[in-house]
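What TrEMBL says about this protein:
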COMPBIAS  A:711-721  compositional bias 'Acidic residues'
COMPBIAS  A:737-751  compositional bias 'Basic residues'
DOMAIN    A:251-430  domain 'Cation/H+ exchanger transmembrane'
DOMAIN    A:521-627  domain 'Sodium/hydrogen exchanger regulatory region'
REGION    A:669-751  region 'Disordered'
TRANSMEM  A:12-31  transmembrane segment
TRANSMEM  A:106-127  transmembrane segment
TRANSMEM  A:139-156  transmembrane segment
TRANSMEM  A:168-191  transmembrane segment
TRANSMEM  A:203-225  transmembrane segment
TRANSMEM  A:265-287  transmembrane segment
TRANSMEM  A:307-329  transmembrane segment
TRANSMEM  A:335-361  transmembrane segment
TRANSMEM  A:382-400  transmembrane segment
TRANSMEM  A:406-429  transmembrane segment
């Protein structure tokens, strides 16, 4: 949760957050008071001004204006002031919401925003204040909507989206149509019944209403799904549906043509100019642009973009919700029992119909069909949100004489779905999952399950990612060969994992060179005397606590979708975990080398003590090595060159034993330049320990790691091309010095 | 080697083969992509360059499982053989399978054997307490103390060990996992 506060800080809100709800309320009221009192002040000011004017006028030609020492001109700043106030308020509410741990799991964030909005509305209504005209058609479409869509598109996990795109389009497109027409037609039939007094609502209006009410808001649902860790395809279905759904549903009326952030905005505007869906345009722009933007900008700019985008969309969403709350509390409602109830009922019925029917069809074509349980979840996740409300609010009164009724109905549906469905979907998902996790797993099972998950993730990485779609593969190839070369700069931004790795290596290199004895680092495995194996009777509490320890401390499996959550920018834990794993492995390898292990599965003789072997290489050429160290660690491309040396050493020595031991890259690297005798001597002494380890070390170097966290391409492919280019450069330089070494054959062959 | 429709060296490729025909082709492309120097086989290094494996706690062991018996080179049939363990189990097969044929690589037993050898480093057919401890160490964060790890390892072996020899044999391992859906846990959809 500190992350949450950190986010607030970076956004510039150095705010002390009071916890108690009462102080929240107090704060709210305090902020609102100036607005209320300003009205009074204005009236008194004007009356006060009139008298002196009269006096002055009588006195002669005095200027009409009075220059007063202190006056309150609220009208001038009303709009920006109030808008800012609302945004500030909602942000504080959000911070409080996330700081209190239990709440996000209980209810979606939309709930909170609606409540805040309703409160604000109540206050405004209570003080009889004329709220500024924030919401009109052009403001909504031009300013409020694009940031939300841009953010949605930018942070969408693209690979799963495109893998499931067939199902998504089928479901989103057809589903939206079925829902819209279904609801519209059913309501029309209801309206025909004279008893309800709805006969004046014609078919067109009903159909339009049906389409706007069927738009689903993904935000609420996804936030809760995060808690339940729903599986990936399901996730993508809902997310994809909502995203496309927004695009289809909002495009009802004619959209006024207009013109990172400006690029996307331009695309949005451009598409809108052509009367095409601006929302889909801005989504496509965000999705395509994201890859190249991420690779090109520096780390700080990247963060800035992300945060700014989040902020913009957050602001827009907030405004919409607050406005929704404001208009809830007010006089412009028309309550018609029949219409509203039937709307609710039909929404659910038609959603159920469309879900089950459409998925039945699409399951026939899918490799991995969605189970009934999944379909239930999709059905239940039909939470309406700000989108529907905005559309309802923007209905022109001329075409819709009974607009108020529609607005009321929309509000009811939104409130119902957000609060009731939003709050209960979490428990529902957990309940549906319960048959897997119901029985308490033994420690054995937990461990093995996690091991298998890691194993599966690892094997998947070995297989690489490929989809069933030829088009996508072709695009990837094209992109890789041409687009990336043009659009991406050569010096890549370094992620923190990469810089950590470099630091570790430098540190080790310096250590080795200076002392020849390695010191234990913080994470080294502590040595202990061999314990006598005894079988202990463990109480259930002990077992319980063990299980707890395991669950809490086991490393997480790499998530494909990076646990996308709209309100979390990046999963910090996975990066921390990755670093930890790297550091530990580094140290383990270093120590195993010291103990003189040859095989990884040899008897672990030396586990208990850490012996310091002096480096057999001795220090015949410390000076040489020093300079090499400096030179090589500076060189960015040093990583990729190592495998080639490694390979050469392997084939020459003909060592068949693989070991997990590592050795310093630097000294080995200096060998070719050092001359023949030392090289061979080196070989003999420390053969099996070093070679593989070196290769290992080299191979673990940054380039692929940079993509470790969010990988679009198979890292094998992309680093492959670059490193081979670099390697060819390097081997070209060093060929003369290696003439006397026999095994450059592999390298030469490759050329 | 370009444009090869049939990947070399895989006998009986087809629905009964180690993997399906389409997957075979894709795996071959992947094999070639991983093979940096176009040597025709993979070395450990090639696999180590897969970034995601480096930050997988079991990365090294997974790579080791591709190089059994101390081999240094991984050819394509070997590559496929390992990956075939992860093919989803085909539901229609069991009834038709010829008992004389060797068990398909992606059967439950074989999947379990594959997982077992991740633990059993010395290949003695048993997971000793020490081996269990090593695996635990790999998989758990640094904030867990050594004593806690040891007691967890103790407990793990104790739970599964039925004949009281202080180690978990393959059969005991299988038994402890009989309730688990191994077929699903160790299947990769793209290999179907």
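Every residue, even glycine, has its Cβ placed from backbone N, Cα and C.
Among the stretches A:106-127, A:335-361, A:382-400, A:406-429, the one making the largest number of Cβ pairs under 8 Å with the transmembrane segment (A:168-191) is A:335-361. It is A:307-329 that, among the stretches A:139-156, A:307-329, A:382-400, forms the most Cβ pairs under 8 Å with the transmembrane segment (A:106-127). Between the transmembrane segment (A:406-429) and the transmembrane segment (A:139-156), fewer than three CB pairs separated by 6 or more residues in sequence fall under 8 Å, so the two stretches do not touch. Restricting the average to the domain 'Sodium/hydrogen exchanger regulatory region' (A:521-627) gives a pLDDT of 54.
Remote same-chain residues near the transmembrane segment (A:335-361) are listed as 170-171, 174-175, 178-179, 182-183, 186-187, 190-191, 193, 195-198, 201, 209, 213-214, 370, 375, 378-379, 382, 384, 405, 408-409, 412-413, 416-417 (criterion: CB distance under 8 Å, separation of at least six residues from the stretch ends).
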